């Protein structure tokens, strides 16, 4: 089972432990995603749900539970557990009768999205979703300038496979701009990625 | 945020703490599901996936993380966390281009499925899935005789809503037999619920 190492997540290194519990979102940022992007997507999904537009949810963070205590008359307390790598993507659901599946990534790199933001089994999952006629994509945010794009999973798969044949280890932002679709961020919903889906897939 | 209490789960009360870590499945049985049914479904889903039949996964158990330690040169260790009630169903995915969503429940009751096996937000989620043209159902196992049925979520919703108008607090097994669909358990896959889907929904 894959354990999760925080070392690769500089934006969290300095975070005080007690900070983690303050907010449910925080506990999930270990998944190597940008807080803001994830929060905005969750709020957008809530908007879609309450307005009967789509049913899309974020999956819980996968955790390997090792030990649990049962204090009398209070909640079962997990006293030892570890983060696991996700075997699928973070978000999936239903829109206009279609299966929707995507991963959201925020990067501080100005000019590219490093492929190390993804795991092999996530990419394999995306391949499977597309093979079975699901709509699969990634939402990328370049935090340097705040640009957000929807990129078809097929393009990620393309770069992922090429890197093992000596290809580059990241997707150039220019490529994301050229082959992806800009998602304007607004107020309600904050990140209207379904609008882009309408233009691109439906 | 809803904490999870083991008290309501008699079949787990006596389980020794150290037993929990031995097997990933065990950690999920806190979700008030029968081990065997869940294991069989997970193995069936693995069969569907490896044989390119469908892409259906169980969602991770939702956990509220309160405290995490970072030992040097080793995995981040969650030292305090609590189980949360799921806000959606346990399983969803993609089959023949359709969005599939279901919950699996095993009951020791011989003649009915108590509605307390479900949470209000799970039922609300099922309503949403059906409203948005997804395929939504429950898989019920009566552990007394091992009978397994697929029951459309609409029937659960019907009983769920009636209980708040003085209706009964469980679905009679006779009703599950009459309006549901028996799922034969075999070897590969152990629980071929997709075969039933073909007959009923597709």
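Glycine is no exception: its Cβ is also placed from the backbone N, Cα and C atoms.
A TrEMBL annotation is a machine prediction, not a hand-curated record.
Straight from TrEMBL, the features:
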- B:88, B:90, B:103, B:122: Mg(2+) binding site (BINDING)
- B:105: site 'Transition state stabilizer' (SITE)
Query = Between residue B:105 (site 'Transition state stabilizer') and residue B:90 (Mg(2+) binding site), what is the CA-CA distance rounded to a whole number of Å?
reply = 10
Request  = Select the most exposed residue of B:88, B:122, where exposure means the fewest other Cβ atoms within 10 Å, treating these as the binding-site residues.
outcome  = B:122
Request  = Return the residue, from the listed binding-site residues B:90, B:103, with the maximum count of other C-beta atoms within 10 angstroms of its C-beta.
outcome  = B:103
Request  = Give the sequence-ordered set of same-chain residues, not counting B:88, B:90, B:103, B:122, with Cβ within 8 Å of the centre of the Cβ atoms defining the Mg(2+) site.
outcome  = B:59, B:86, B:89, B:91, B:101, B:102, B:118, B:125, B:126
Inquiry  = So if the criterion is CB under 8 Å to a CB of chain A, which of the recorded positions B:88, B:103, B:105 qualify?
reply    = B:88
Request  = Name the secondary structure element type, per DSSP in three states, that contains residue B:122 (Mg(2+) binding site).
outcome  = helix
Task = Translate the DSSP assignment of residue B:103 (Mg(2+) binding site) into the three-state scheme.
result = strand
Note = Other C-beta atoms within 10 angstroms of the C-beta of residue B:105 (site 'Transition state stabilizer') total 22
